[in-house]
Amino acid sequence: MATYSTNEFRGGLKVMLDGDPCVILENEFVKPGKGQAFSRVKLRNLMTNRVWERTFKSGDSLEAADVMELDMEYVYSDGEFWHFMKTDGSYEQFAADERAVGDAVKWLKEQDVYNVTLYNGSPLNVTPPAFVELEVVDTDPGLKGDTAQGGSKPATLSTGAVVQVPLFIEIGEVIRVDTRKNEYVARAKS
Amino acid sequence: MSWQPGASLSMLRARARLRQQVRDFFAERGVLEVDTPVLGRYGVSEPAIDSIAASAPGLDGVLQTSPEYFMKRLLAAGSGSIYQMGSVFRAGESGHRHNPEFTMLEWYRPGFSIEALMEEVAALVRVVLEIGSPVIHDYRDLLRSHAGVDPWMDDDAILRSRASEVSGIPADALDRGEALDLLLSHQVEPILAGEEAVFVRGYPPDQAALAQVVREGDIEVAQRFELYVRGVELCNGYRELTDAGEQRARFERDNQIRRRQGKPEMAPDPGLLAALEAGLPPCSGVALGLDRLLMLQTGAASLDEVLPFSVDRL
């Protein structure tokens, strides 16, 4: 496996630290006075999602982590694993466990494409697109035409996610949702 | 990579204005502007500073990391007070506050005590920045208060284990100097960042570089100071070493450290040694990072915003 020296550390670089794959968030070059140079690095442990702060001597190196991010289509769940398929025409499939799917589970819609992080060839993390379009399967009946009023109500979407929507949204409508904030954006244009 | 400069047009104007402010400041005080070579046959020996080699037929040289050796030769030749504003080069230094090429403002004052030079530094910085008078702290007090170590009393094992705790670097991978640098950058500098302007003075003798070492009470300290403004390290000043023999010993010590660290040795500069033998007037000198001063003046977050073209745009 390749190694990266401190002068190659950049945001986004995937490295091994204490046996776990990590992504470098920030790298600050520090060099006090007439002193030695160090790199102060912020990394996110991709296994635990915890952010670590570590200092390295200038010129030290870390092993590259075998981490790849790929777009994959969600195929189905068998109850234990969630199965994703490469979109490159190879039909190669990967099974993600509950920990890898995490909070993304509530946005998973069959045949939609998600960002899957592979570590040593196995799914480590699944990230939904920033915006998804999903059908409302349950919500209180709304007031037709009441588009100017404020106020919101919970709506359950086809994947199980629950978001606050305006009062005029009805069952059967497809809405656009920001997955990062768990927020309604607009009615989807059909 | 963008073809465009990192510095905006208004930043370029601020840059030009700052250089003018510096020239006006020294003109008023009768300090002579000089320009010594950027390309020299010899370079600074300090172990933590890496030069960039530059060779041409008949000249195996280095880009100067600081104009100090040439400026001392001018002083020995009777120049009187001198200053220089120009590019210096350091290999491998790159970050928000570092760039391999940067603008150094360096000046020397024959007859000045280190305290008198600190006052002049404060006066110059206060022409440029709206700040109060810097407070003065001893290096030893800062390390004792904020890092829990006494660099004069604690042995290497204590310093290294404490530095390992704050940095995550194994103690056995650190030497004494690295341990102190880590404690300073991790434990002390965050405190300094909360202050407007702080002089740190009285460094350990093994961090003297080219400063004189004197006895203060029960310890020996290097007559060296640094100025931090809002946590940004701005300059480094000395009561200059004038003794040729001691200079020769420091060259040798630097090269011992370089050998241990697997770095190339730097040949002692015979021109500097001969100038010291001829007689360097007692003086104090200081080097100030002018681009960092411009960052502070303009509120810029990184050198890339104040340099026309930082290393990422070359």
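Glycine is no exception: its Cβ is also placed from the backbone N, Cα and C atoms.
Any TrEMBL annotation is an automated prediction that lacks curation.
According to TrEMBL:
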DOMAIN    A:69-124  domain 'Translation elongation factor P/YeiP central'
DOMAIN    A:132-187  domain 'Elongation factor P C-terminal'
MOD_RES   A:Lys34  N6-(3,6-diaminohexanoyl)-5-hydroxylysine
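Within 10 Å of the C-beta of the residue listed as 'N6-(3,6-diaminohexanoyl)-5-hydroxylysine' we count 21 further C-beta atoms, all protein chains included. In terms of DSSP helix, strand and coil, the domain 'Elongation factor P C-terminal' (A:132-187) has 0 helix, 29 strand, 27 coil. Sorting each residue of the domain 'Translation elongation factor P/YeiP central' (A:69-124) by its DSSP state yields 10 helix, 28 strand, 18 coil.
For the domain 'Elongation factor P C-terminal' (A:132-187), the model's average pLDDT works out to 87.
DSSP classifies A:Lys34 (N6-(3,6-diaminohexanoyl)-5-hydroxylysine) as coil under the three-state reduction.
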